[in-house]
Structure formats: structure tokens, C-alpha cells
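Novice: Below, the features straight out of Swiss-Prot:
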BINDING   Asp389, Asp391  Ca(2+) binding site
DISULFID  Cys240-Cys269  disulfide bond
DISULFID  Cys397-Cys410  disulfide bond
DOMAIN    231-454  domain 'Fibrinogen C-terminal'
SITE      Tyr401  site 'Implicated in ligand binding'
SITE      His411  site 'Implicated in ligand binding'
SITE      Tyr427  site 'Implicated in ligand binding'
SITE      Ala428  site 'Implicated in ligand binding'
TOPO_DOM  1-33  topological domain 'Cytoplasmic'
TOPO_DOM  55-457  topological domain 'Extracellular'
TRANSMEM  34-54  transmembrane segment
Amino acid sequence: MGSDRWKNIRGTPQMEDSVQEKSQRKGCGYILCTVLLSVAVLLAVTVTGAVLFMNQYHAPSTEPPPVITTNMEDPNALVTIERADSSHINIFIDPNCPDTFPRLEGLQSTMLSALADHDSEQKMAGGKERALLTSLSDQVAQMVSQVARQRADWENVKKVQNGLGTEIGALKNEQGRLIKLLSEGQSHVAQLGSSVSEVLETVQRELGSGRPRLKADLQRAPSRSARPRGCANGSKPRDCYDIYMSGQQEDGVYSVFPIHYPSGFQVFCDMTTDGGGWTVFQRREDGSVNFFQGWEQYRDGFGKLTGEHWLGLQGIHLLTMQAHYQLRIDLEDFDNATAYAVYNTFGVGLFSVNPEEDGYPITVSDYTGTAGDSLGKHSGMKFTTKDLDNDHSENNCATFYHGAWWYRNCHTSNLNGQYLRGHHASYADGIEWSSWTGWQYSLKFTEMKIRPQREEN
């Protein structure tokens, strides 16, 4: 199609030359005929006037007037006058047209010049058009090439996309498989952790009741059974049991002097419950003391000995290092119902060279009582406060349950929790003993106290 148009463009000037030449010839013919006709008319009028003039000034004649006609027989004669005597007068026009043809030639030259200029302009316009067509053709070729490249790029992108889709599908399948394996692994780890915890509890029970106490025995003073009852010979009482055995059997505040702390400190002694001689180290009864304290307070103790108080981890450790102690916990709810739990083996930091660095771990086993065992699962755990997290939970159990305790992950008892007065909407953040009242009942009264095991008396 482009080549046909190119041929048409190239053939256009020749056709225009032929048309222009024909137009020039036709124009010259019209002008020549017009001039000749004008001259003929003028001559005819002149001849007619002359004849009339001659007729006017000569005697009238009986001869008929001359007849003026165009001579069709002689193509060179413009007009023929036939006289009365049948003679003819032919009027000719010089075919060279001496005055008209130069002007016609000038006009023709002007027209030819104009036509030449017009042809030149058309040729110039045709050249510009050809240049424009060439430029457009180049641009179209470039665009076609670019489209072809883009199409090829798009095909490559589609291939890459398909490959990525396949790889992503494979990765998703692998991810699902790994998630399944991880879930199974977590389940196995949880089972293993539970098994290990049970084994540790068993070992701790054995340690608490048997040979591992040897290390603690080596750090203790001579056996209590070797010392006379009543602290004879001026010896100082090591705990409330010594005071009870010396004859003082009224409840109250007394001074005790543990073997490894000869300067001593004061404690509250329960001389009436289950045979007396109990050294109290924790009491909750009215909510008058804030038990949501930090590490230093729980290490050193706080509160009032005759009311709500915590003796202190250091004091509990010093007492339980002297002999084999048992723990008694008395509980009371807001309906005045009571229950108790006794652990025949109890100690804090028994096997620690530096108990504070070790977190004052608890050893407790051999439960009996009516409240249910809500402390045995805490055996072996370090003490946790709101500012020192020693538990196994991702969160700080002391902060989460608003207390301080030997938390594991997190608790089955929380006797240092908030004093919430019975049933509460929050979960397990009151004074809880879950095996007796569940996790949403805060007890009215609790008391934790220790005494040497009776077989050592």
C-alpha cells in the first residue's frame, strides 16, 4: 500500500504538467478567437458604414444593396461582400496577429511561470510529505520493534511468575509439613517436660526425706536431740519448739536464736495448735497489710508479728537449716469453714551455698490434711516477686497474679495474693488454695508455721 501511494505521488507531477499544458492551449485559443471575432465585427461595422455613406451621397440606383456574408467556402476569409454585379469582396485577417500574439505569448509565459512555481511548491510539499512519511515509517517500525520486545519481556515475566507460583506452592506445602512437625514436637516436649517435672518431684521427695539432707545436716549445729529440753544450762532457744519445751506455752512474740544467726530475731509462737511449738512465718487475716511487695521486702520480712506479716525468706531459711522441719498451713473461708495442710518435709534454700542467689527454692513433700495438696507442685521452685522473675512462665507470675510466691507456671496456691474477701471475678489473683476453694475464691485467714519433725524430739 505504501509503494502504491509512492507511485501515485511520483506520477502526480506528470499528470499535472499535462493538465497545465492543455489549460494553457485552451486559454490561448479562447483569447485568439475573442480577438479575431472583435476585429471581424469591427471591420463589418466599418464596411457597413462605408457602404451606407456611399449610398447616401451617390445617386440612387436601382441596383440591389450588397450582401455581406461570412464565407464558408474560404476558411481564410472572415467576411465576404457580394456586390450587385455578383462580384465578391473577401476581407481577410492577418493570421500572424502582430499585436495580439506577443501579448498572448507574454501571458502564456506568465502562466507557465506561475505553473512552474506552483509545480515547484508542490514538489517541495511532496518532498516534505515524503520526509514526514519516511519519519512516520521509521517511528512505526521502532514502535513495532518495541512492542515485540515488550511482548517477549511479558512472556518471560509470565514464565517467571509461573515458576514462582510453583515454588510458592511447594514452600507452602513444606511450611505446612514443618508446622505439623513443630506442633508434634511441641506436644512431645510438653509431655517430656511433664515427665521430667514428675521425676524431679519424685527426686525432691526422696531428697527431702532421705540422704540429700546430709549436706544440710553438715551445716547444722549438733543434733537437737542432744540438747536438753527447756534450753537448760542457759542455752538460747533456736525456735518456738525450744521455748514450748522449756515450759512457756502461751501464744505470743518470743525471741529465737538460730544456730547460724546467734544475734537472733523475734517471731510469733503458736503454742496451742496440734501440740504447740509452731514458729509462724506468714499470716493473713484482715487485709491490713499490702503483700504486693518487692524482693527486698520478702527477703527481710514486713508487717506486724501479732497481725498480718511475712517473717522473711532469710529468717525462714535460717530456721529450716537447723533440723528436719514440717510445715502446717491453716485456712479459713468467709463462712468460717476451716481446713489444714501438713507437709512433713519442708525447707527454704536447704541445699544452697548462697540461698539468695539461688532464689530461696522451696522443698516440700509428704502431704496430709483436709485442704488438699496445692503446694506440692511448687516444690523445687525459686521465689518470684514483682521485681524479680524466677518462674517458668513467659510472664511474671507475681505481677500477673498480684502476689509473690514459689511460682512455677504459674500456681495452684497463692497465699500472698490480694485480700479479695471471698468470691471474685478476676482469676487466681486472690489468696487462693485451689484444691479447697478453687481459683476464684480469696480466703479469709491463712497461717503458715513450722516445727521440727517429732521423731527428732
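Placement of Cβ uses the backbone N, Cα and C atoms for every residue, glycine included.
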Novice: Rounded to the nearest Å, what's the C-alpha distance separating Cys397 (disulfide bond) and Tyr427 (site 'Implicated in ligand binding')? Just drop the number here, would you?
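Specialist: Answer for this pair: 12 Å between alpha carbons.
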Novice: DSSP secondary structure for Cys269 (disulfide bond), reduced to helix/strand/coil, please.
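Specialist: Reduced to three states, the DSSP call for Cys269 (disulfide bond) is strand.
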Novice: Here are the recorded positions: Cys240, Cys269, Cys397, Cys410, Ala428. Which has the lowest count of other Cβ atoms within 10 Å?
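Specialist: Output over recorded positions Cys240, Cys269, Cys397, Cys410, Ala428: least Cβ neighbours within 10 Å is Cys410.
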Novice: So what pLDDT does the domain 'Fibrinogen C-terminal' (231-454) average out to?
Specialist: 96
Novice: Checking your reading of the structure: which of the recorded positions Cys269, Asp391, Tyr401 lie inside a 10 Å Cα sphere centred on Ala428 (site 'Implicated in ligand binding')?
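Specialist: Cα within 10 Å of Ala428 (site 'Implicated in ligand binding'): Tyr401.
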Novice: Let me make sure I understand the structure: which of the recorded positions listed (Asp391, Tyr401, Tyr427) has the fewest other Cβ atoms within 10 A of its Cβ?
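Specialist: Each of the recorded positions Asp391, Tyr401, Tyr427 was scored by Cβ atoms within 10 Å; lowest is Tyr427.
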Novice: Please report the DSSP secondary structure of His411 (site 'Implicated in ligand binding'), reduced to three states.
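Specialist: Once the DSSP labels are grouped into three classes, His411 (site 'Implicated in ligand binding') ends up as coil.
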Novice: Could you check which of the recorded positions Asp389, Asp391, Cys410, His411, Tyr427 is the closest Cα neighbour of Cys269 (disulfide bond)?
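Specialist: Nearest by Cα distance to Cys269 (disulfide bond): His411.
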Novice: For the recorded positions Asp389, His411, which one has its C-beta crowded by the most other C-beta atoms within 10 angstroms?
Specialist: His411
